[in-house]
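Working notes, beginning with the structure itself.
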Amino acid sequence: MSPSTSIEALDQPVKPVVFRPLTLRRRIKNSVATTFFFTSFVVALIPLVWLLWVVIARGWFAVTRSGWWTHSLRGVLPEQFAGGVYHALYGTLVQAGVAAVLAVPLGLMTAVYLVEYGTGRMSRVTTFTVDVLAGVPSIVAALFVFSLWIATLGFQQSAFAVALALVLLMLPVVVRAGEEMLRLVPDELREASYALGVPKWKTIVRIVAPIAMPGIVSGILLSIARVVGETAPVLVLVGYSHSINLDVFHGNMASLPLLIYTELTNPEHAGFLRVWGAALTLIIVVATINLAAAMIRFVATRRR
């Protein structure tokens, strides 16, 4: 092609792109795929909607009754539908809170090590250990704490023992959340800080951590939501109490899963109402924590 021909071609209008219509076979495949994925979504949604409907229908009467959120079951007879779940709600939040106080610093320091410092064999061993710990069943964690904390060291069953088991369940979630958020921080920010002579530890504290903090907090809340409903640790490591126990190191302490398990043995109708009311209360607690995590992510995204 000569140069003059090329120049003349530039003066010609651009031909519109012509798309061939979909063949009948491709339209059928597309319709089948769309129907399949939509049906899969509906099938997956049905059990969730059914579960929520049953729990709300059977537990709504209890959670809307006066005193449900502000009273315990102290002095309440099994056949009486009185009192509330204040003691169990308090125990659930205290056990999860103590576990978070122990697991969050350890998990975040582990995440910082893996992202900022870990490059050798120790880093690979730590990553493998976290992966294994993420798959440990809650009953195994409870039995480990029982054998070490109670059978070997001689401490008694308590809410603190439950918190130790919950730490083992929370730790891998906190580590993974912190690790993912720290890796999302651009390396250019670290390099700019190093170029100004800022030490690595101060770069992590002043630059990397504040940027990753919204995602880390969201991950922490999700880890708490993951453990508040665990039943095995409370069955193995602490006894049930009808009243509030403020001492986490001594005595029995109720929780929502333990209340549900205890009231299942109550043949009276009041026990039936308390079981479903406690189940709905637990769902409300978990949903509230997840909603808080979603709001933190949303606010952090808007600010960016």
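Positions of Cβ are set from backbone N, Cα and C atoms, glycine also.
The transmembrane segment annotation in Swiss-Prot covers 36-56, 96-116, 132-152, 155-175, 204-224, 276-296. Summarising the annotation, Swiss-Prot assigns domain 'ABC transmembrane type-1' to 89-297 and lists sequence analysis as the type of evidence.
Long-range Cβ contacts of the transmembrane segment (132-152) within its own chain (Cβ-Cβ under 8 Å, at least 6 residues beyond either end) map to 161, 164-165, 168-169, 171-173, 176, 230-233, 235-237. The stretches the transmembrane segment (36-56) and the transmembrane segment (155-175) are not in mutual contact, being linked by fewer than three Cβ pairs under 8 Å (pairs 6 or more apart in sequence).
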